[in-house]
Amino acid sequence: MSDSGHPTSSALPSATPTVHDEPGISSPVDISGNQPGSDVEKSRNEKAAKATQDNDSRSTDDGVLVVDWEGPDDPQNPKNWSLKKKWAATLIVSAFTFISPVSSSMMAPASEQIAREFGITSSSVIALLTSVFVAAYAFGPLLLGPMSELFGRSRVLQLANMWYLAWNLGCGFAQNEGQLIAFRFLAGLGGSAPLSIGGGVLGDLFRPAERGQAIAIYSLAPLLGPVIGPTCGAWIAEKSTWRWVFWSTTIVDAFIQCLGVIFLKETFAPILLERKAALIRKGMDPEKGQYREVRTVFDGADRHWKTIVTKALIRPFALFVREPIVQLLGVYMAFIYGTLYLFLTTIPAIFQGVYGQPVGIAGLHYFALGVGLTGASQINARMLDRIYKYFSDKNGGVGKPEYRLPSMIPGSLFLPMGLFITGWTARADVHWIAPDIGIALVGAGTILNFQSIQTYVIDAFTLHAASALAAVTFLRSLAGFGFPLFAPAMYNALGYGKGDTILACFAIAVGVPAPFLLWKYGERIRNASRYARRSAAAAAAEQPQHPPAKAH
């Protein structure tokens, strides 16, 4: 059986021409010196197409050739790539996902310096300089996520990163506040791509029982970036000009982009099979007319480009409107992400205002958040796949997205605990280590919830993971944009104790019941979803299958 459930004849040795992951379809290299278009080349293409049809495809009664993988062990299938190649792609995608959030928060410590240079007096405008980047995170994935399902993950991801690189560089040359806000927003649009496409790449590369560690690293990146960014930004602002905040991140991103061009290959199965189908079409003899149509197993009967594009662009909105799971997890993730960015903006106020520490030293307290994020992430990375395998084995070897939820339970407890501790110990008569402990617990609760939610969404909507993550990212990015804007007014009116208590109560009300409700009702809700059902069928086909060897 093939990965999609269609029969294949993969027992025969494959004569399929190698199709590399570069954009477009290129003919195999002819070492005999025959020119393209020659009779020899046409003959070879026809033979290659026939071999491809014999090994990769099935024909239907109406003259349609459906192209599929060469059985479950096809080396061209990204899920069968070597671990080295998979982890190279994972680390590059995680690097893309890391550098963009660094830019989102790195300028926060330099905002006062920028305000003095441009004559900005409004506190809301000063906060907007930082948070407008995150506002772009809400809208970019709604377009870039579906585009990756049309044109390929690697191509869209790298083009979006180059867009981010260009506008982030432009931020360093801004001459007024209007230019800086506009450039920041445009940079954020490009920088938002890895937030949705990265999860799709990991869904393409790893089977459900294998993807826990990869997603643990990937989901840590967008949370660790805003922690490291302000720490570096504080020292850059103190020792140099604010413009180097942008120029330094641009230099690092250019290096990551170079690695991406070299090592990040296409992973999206429909795109790879479409390239294989194009090779077959090229090699077919139009006069014989053996098949009237060649299409992939992922194609429907209506392959008009307008239909395909319309469906892809509408999909994130459809998922958000029609899928209760996406709505619930989107609201909770929005609260978590908003709380994280709220903490990022209040850490300087606590340690400079309450404890009277200088800018550079106060910035070091961001590492408390980093300790919580990294420590919990490393523990959870080792547990995600073990927990999934444990429950899968108890279920007869069949995995479910709900088996990703146990990590949410400690996460939903650590988050309110950290909020209570930070809020009520941020006083001059209490040692600064106490709020740092609370901040670390907030970091731990944040990453445990993030990793659990992202693996759940990817497992539930694997084929359309980029669109599903785009729908979830929309709400969370709006929260990341909005929370820091009202934070100063809330803490000025209520103080840190009462303000964080309100947030903690909401975290308990929404977060604590969520894993238990999804564990009990999640499968029933998913079964009512056509997107989740289609992904579940694909996931079932991904289970390794090894047909018995034939007798010689």
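Glycine residues also receive a Cβ, built from the backbone N, Cα and C atoms like all the rest.
Caution: TrEMBL annotation is automatic and unverified by curators.
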Of 87-108, 527-548, which range does TrEMBL call transmembrane segment? 87-108
Matching range for TrEMBL feature annotation, transmembrane segment, among 158-180, 181-203: 181-203
Hey, which bits of the same chain come close to the transmembrane segment (364-384), Cβ under 8 Å, at least six residues off its ends? 212-213, 215-217, 219-220, 223-224, 227-228, 230-231, 340, 343-344, 347, 350-351, 404, 407, 411, 414, 418, 432, 436-437, 439-448, 451, 455
With the cut-off at Cβ under 8 Å and a gap of six or more residues from its ends, the chain residues touching the transmembrane segment (325-344) are 105, 108, 131, 134, 223, 226-227, 230, 319, 366, 369, 415, 419, 422, 439, 442, 445-446, 449-450, 453, 456-457, 460, 468, 471-472, 474-484, 487, 503, 506-507, 510-511, 514, 518, 522, 525-526, 529, 532
Cβ contacts under 8 Å made by the transmembrane segment (120-144) with residues that lie 6+ beyond its boundaries: 103-105, 107-108, 111-112, 114, 156, 160, 177, 180-181, 184-193, 195-197, 313, 316-317, 341, 345, 466, 469-471, 473-475, 477-478, 480-482, 484-485, 488
Might you confirm whether the transmembrane segment (215-236) is in contact with the transmembrane segment (432-450), defined here as three or more C-beta pairs under 8 A between residues 6 or more apart in sequence? yes
Return yes if the transmembrane segment (181-203) and the transmembrane segment (87-108) have at least 3 CB pairs under 8 Å (sequence gap of 6 or more), otherwise no. yes
Could you pull out which residues elsewhere in the chain have a CB under 8 Å from any CB of the transmembrane segment (501-519), counting only those six or more residues past its ends? 325, 328-329, 331-332, 335, 339, 342, 402, 405-406, 408-409, 411-413, 415-417, 419-420, 423-424, 445, 449, 452, 456, 494
